[in-house]
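**Q** From TrEMBL, here are the annotated features:
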TRANSMEM  A:33-54  transmembrane segment
DOMAIN    A:102-302  domain 'ABC transmembrane type-1'
TRANSMEM  A:104-129  transmembrane segment
TRANSMEM  A:141-161  transmembrane segment
TRANSMEM  A:173-194  transmembrane segment
TRANSMEM  A:229-260  transmembrane segment
TRANSMEM  A:280-305  transmembrane segment
Amino acid sequence: MAADATTPPARPHALRRFLDSDLGWSFRRSPTAVLGALLLAILVISAFAAPLFAPQDPYDLSQLFVDKAELPPVWVQGGEWPFILGTDPQGRDMLSAILYGTRVSLAIGLASVAAAMAIGVSIGLVAGFFGGRTDMLLMRFADTVLSIPTLLVAILVSAIFRGLLPAGIRDNFSAVILIGAIALTGWVQYARTVRASTMVERRREYVLAARIIGVSAARIMRRHILPNTLTPVLVAATLNLGLAILSEATLSFLGVGMPVTRPSLGTLIRIGNQYLFSGSWWVVVFPALQLGLIVLAVNLIGDWLRDALNPKLR
Amino acid sequence: MSAPDAILLEAVDAACHFDVSAPLITRIVERRPRRILKAVDGVSFQVRRGRTFSVVGESGCGKSTLARLVVGLERPTSGSIRLHDVPDAEGRPRRPRLQMIFQDPYASLNPRWRVEDIVAEPLVELGLVTGAAAISARVRALLGLVGLAASDAAKFPHEFSGGQRQRISIARALATEADLLVCDEPTSALDVSVQAQVLNLMRQLQAELGLTYLFISHNLSVVRHLSDDIAVMYLGRFVESGPADAVFTTPRHPYSRLLIETVPDVEAPNRDRAPMAGEVPNPIDRPAGCAFASRCPQVEPACRLAPPPLVAVDADTRVACRLVPARADAAGPVAAMVP
C-alpha cells in the first residue's frame, strides 16, 4: 500500500542492508560464519554451474569410456588429464560425478527441509493456537513419530513408495520419495518449536487486539503469530539442512535412495565403498570429503545464526 | 434510541468462573475437589453512550477479567453482557464495535509490523475503507488525531516511547470506529507526565468523537478525572457503584473509604491514614460472609454470616455493606432493579 510514499526514496541494495543490520554486523565479526558462508557459496555455485565447466556429463552414457575406467587422480602415477580426481569403474569422471552429485544432494536436502518446515510449522501453529484437545492430539502424534527411529521410517517410506510404483518410472521419482521420507521424519522438531512460541505469542496483547476486531484464526496465525515464531525455526532449519543432506546420503548409501544413473553423493559413496579394498580409494574418498565439507559449511552458518539470534548471548 | 444517554453496554449478574482444578486423574487419586476460581462473580452495571464508566480495585479483584468479558475474549459463565445497537450514519441500528486499549504498550503492538499496517489492520479487516490510497490517507489522519506525525507511519513500534506506543494503540482502536473502548489500565505502565498526556488525549477524543469508555484502573486519581460513573470492585464483586463525584466525595463502603484515603493529596499532607491491614481472601475459596470482613475496620460478627447484597442507598449510588442503611423504598438487591 503506497510503498513509494512511506519508504525512504533510495533503499540500499538487499545485501548492503544485510551487512549494515545487527545480524550483518555479527556476521562480519564471526570468522567461522564468513568461512562457512564462503565455503557454502563455492560449493553451491560450483555444483549448480557444473554443466558449464565439468569435463563430462555423468548422466550421458555416451561420454563414458570403459578404457578410462578406474584411473587414479592426476597427481598419482597413472592419472590422466582431464580426469583430475580420477574415474570410477564405469569410466565416469569423479569430479563431474561429485559436482552433479552435490547438486542432487543439495536440492534434496533443501527441498526436504522446506517440506518438513511446512508440515512442522503448520502443525505447531495449529496445536499452539487452539490448544486443548487439538494440541494434545497433534503433539501425541508428533511424539509417536519421534519414537520411531528416523532411519527406519525413511527406509519404510522409501520402500513402500518404490514398491507401489512400477519399475519403469520408479527411478524418476526417487528424489521425490527421498524428500518425502526425510520430511515425514523431520517435521517434529519444527512443530515443537513453533508450538512453544505460538503459545506465548497468542496471549500477547497484539493478538488479542486482532481477535477483538474479528480477524479470523487463520489470518492471525499467518500474519501475526507466524512471523514472530520464525526465528528459532530458521535456526533449526539451517542446522537441519546438514542433517537432511546426511540422511539423504545414508538412504542412498543403503540403496533406497538415488539410483546409480543419477547418483547423489550418498550413491557415489556406496559405489566407491565396493572398490575400497581393491585399492581405488579415490572413488569413495572424494565424494565423502565433499559431503563432509557441505555439512561443515552448513553447520558453521547454523551455529553462528543460533548464537546471533539468541538475545541472551548478544 | 439515539438519545445521548442511551444504554450501550449492559451487564446483568455477569459471572466468569475458571476451573483451576488439578487434572482428572490427580483429582481422583488424591481425592481433591474441583477448584473454581470466581474471577467475576455476579456483576451488574450499565454504561451509557458517550460516558466513561470506571472500575477500580486492587490487583486480582477481577477487573481485567471483566474487561475481557466485555470485549468477548471470555464468555460469561452465567449472567449476560449485552451490547445495545447504535444507529449508523443513516440512523439504522447496527451492532456496536469494540476495541480494547491494553496495559502494556510493548506487547500490544506487533513488533514486526509497521505502524501503518498496525493502524490499517482494522480498516482492512472490517472493510471500513477500501483502496490503498484511501487507507493510507485514513491512517495518516488517525495518527494526526492522536498527535503523531504522518511520517511515523513507516516506522516500527520499537522506534517509539511507551507513551507514543499507547497513542498508536489508541489510533488502532479509533480505526475500528469503535463505539466502546475498553481501556485496561492504559496508563499504568507510563510515566506520570506521559500518563497525563494520554489521559488528556483520551478526554479530548471523547469530546470530539463521542466515544464511550469502560475504564479499568487501580489508580483512583486517574479515574476521578475521567469518569462519569464508577464502580469499586473487590474480589469479583462490586462493593459500591455510583456517580464518580458522589463516590469520591462521600464514599460509603468501608473499602471505598480506605481506597480513597490512600490517595496522596498535596493539600493535606501528613494526614493520619488508617493503614489497610489484612489480606485479600482467596477467590477460589470465598468467605461465607462479606468478602471484605477480614480487613474491615468496622466489622461486626454478623458480617461474616452472609454476603451483603448491592442495594441502592440513594438515587444513583449502590453499596454492598450491612452497615450502610439502604434507601427505604428500594431495599431489594440490584438484580431486581435492572429492567
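Just so it is clear, glycine is given a Cβ too, placed from its N, Cα and C backbone atoms.
Because the structure is a prediction, the values reported are computed rather than measured.
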**Q** Which sequence-distant residues neighbour the transmembrane segment (A:280-305)? Criterion: at least 6 residues beyond either end, Cβ under 8 Å.
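**A** Distant contacts of the transmembrane segment (A:280-305): 26-27, 30, 32-33, 35-37, 39-40, 43, 70, 72-73, 76, 85-86, 88-89, 94-95, 97-98, 101-102, 105-106, 234-235, 238-239, 241-242, 245-246, 249, 265-266, 268-269, 271-273.
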**Q** What residues in the same chain, six or more past the boundaries of the transmembrane segment (A:104-129), come closer than 8 Å to it by Cβ-Cβ distance?
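**A** Tertiary neighbours of the transmembrane segment (A:104-129) are 43-44, 47, 135, 138-139, 142, 175, 178-180, 182-184, 186-199, 202, 217, 220-221, 225-226, 229, 233, 237, 240-241, 244-245, 247-249, 258, 262-266, 291, 294.
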**Q** For the transmembrane segment (A:33-54), give me same-chain residues lying six or more residues beyond its boundaries with a C-beta closer than 8 angstroms to one of its C-beta atoms, as numbers and ranges.
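**A** Answer is 26-27, 93, 95-96, 99-100, 102-103, 106, 290, 293-294, 296-301, 304-305, 308.
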